[in-house]
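I have placed the structure first, in the form of structure tokens, so that the comments after it can refer back to it.
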Amino acid sequence: MDIITLSIFLGLIVMVSLGIANSMTKNITAKVGVDQYMVIRTFLCVLFLTGIFFVGLFEYHFDLTQILFGLSLTLIGYFALNFLYRGLNIGKIGLVSPVSSVNVVFAILLTTVFLGVKLSVVQIIAISAIVAGVVLIRLDPKALRDHLTKNDKTSLNYALISGVLMGIFLFASQIPTRTLGPILAPITFESGSFLVGSFVLLYRKKKITLPEIRTSVSIVIAIALVTVATVGLYYGLKNGNPAIILALYSSNPIVATVYGAIVHKERLTFNQYLAIAIVVAGVISLRVFS
């Protein structure tokens, strides 16, 4: 399998798995809370990844320096999410989400400049189309037409900071991944996130309570999908074309939107249909014209 085909294949796995998982997360966090879910999510993800690690299907290299570097990166990832949640809390989703989508732009730019990933003109156009589709599906035209309040402007600043920080994390995480491998690297990242999340939970004097069985099953399924997406993402970043992987990774809201339309009978807008068509055209262009 050539690199382009491998990248598209893994990117689609990441896109679908993460899109469905994120769709399930909304109901889960409503019942258990964001802080508690983050701790449960990272803990179970580490367990699943460790199980895969001991199966021995993937290469790895133990390097203490890279592990410590990977753990330090989780702080960037944590603050990226923290600023995003702050923005969503005080601003409009239709404004905050599109601006936060700059993370994939920063990640791809940094990857091509500093890691020497080369892209053809067609690939650049196709990836740009995918990113545009992601922004379009999250965009709320009504929010743009409304007068921007002080909270809106502050939330946009938070969203931009979040996008830049997450872009840096997605770029920088490739460095330890190249040494540690596609399993040991995410184990490191998720372990760091678990430690940060646990500290936040303790600081806020919250306790983990076991949810009802139905919610617990949903949590396990969602985190299993997150684990699949994580393995696909980091295997693709190490062995495929990172720019293509990152573009498809960022497209998971497309799947979440389709999932909502099918499962929750949500009605799609013209913008959402157009966004889906643009992303699909971008993916097809990557395969046909690369």
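Any Cβ shown, glycine's included, is placed from N, Cα and C.
Annotated features in TrEMBL:
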type	residues	note
TRANSMEM	6-25	transmembrane segment
DOMAIN	7-138	domain 'EamA'
TRANSMEM	37-58	transmembrane segment
TRANSMEM	64-81	transmembrane segment
TRANSMEM	93-115	transmembrane segment
TRANSMEM	121-137	transmembrane segment
TRANSMEM	158-177	transmembrane segment
DOMAIN	158-285	domain 'EamA'
TRANSMEM	183-203	transmembrane segment
TRANSMEM	215-237	transmembrane segment
TRANSMEM	243-263	transmembrane segment
TRANSMEM	270-289	transmembrane segment
Tertiary contacts of the transmembrane segment (158-177) (same chain, 6+ residues out, Cβ under 8 Å): 63, 66-67, 69-70, 73, 76-77, 79-84, 86-87, 90-91, 95-97, 99-107, 109-111, 114-115, 185-186, 188-189, 234, 237-238, 242, 246
Per Cβ pairs under 8 Å, the stretch of 121-137, 183-203, 243-263 packing most closely against the transmembrane segment (270-289): 121-137
Proximity verdict for the transmembrane segment (215-237) and the transmembrane segment (6-25), three or more C-beta pairs under 8 Å: yes
DSSP-assigned states of the domain 'EamA' (158-285) in counts, ordered helix, strand, coil: 105 helix, 0 strand, 23 coil
Most Cβ pairs under 8 Å with the transmembrane segment (121-137), selected from 6-25, 37-58, 93-115, 243-263: 243-263
Intrachain residues whose Cβ lies under 8 Å of the transmembrane segment (37-58), provided they are six or more past its termini: 25, 28-29, 181-184, 186-187, 190-191, 193-194, 197-198, 200-201, 208, 219-220, 222-224, 226-227, 230-231, 235
Chain residues in Cβ proximity to the transmembrane segment (93-115) (below 8 Å; excluding those fewer than six residues from its ends, i.e. six or more beyond): 80, 84, 87, 127, 131, 134-135, 138-144, 152, 155-156, 158-160, 162-168, 170-171, 174, 242-243, 246-247, 249-250, 253
Positions whose Cβ lies under 8 angstroms from the transmembrane segment (243-263), at least six residues beyond its ends: 4, 7-8, 10-12, 14-16, 18-20, 22-23, 97, 101, 103-104, 107-108, 111-112, 117, 119, 123, 127, 130-131, 133-134, 137-138, 170, 229, 233, 236-237, 272, 275-276, 279, 282-283, 286
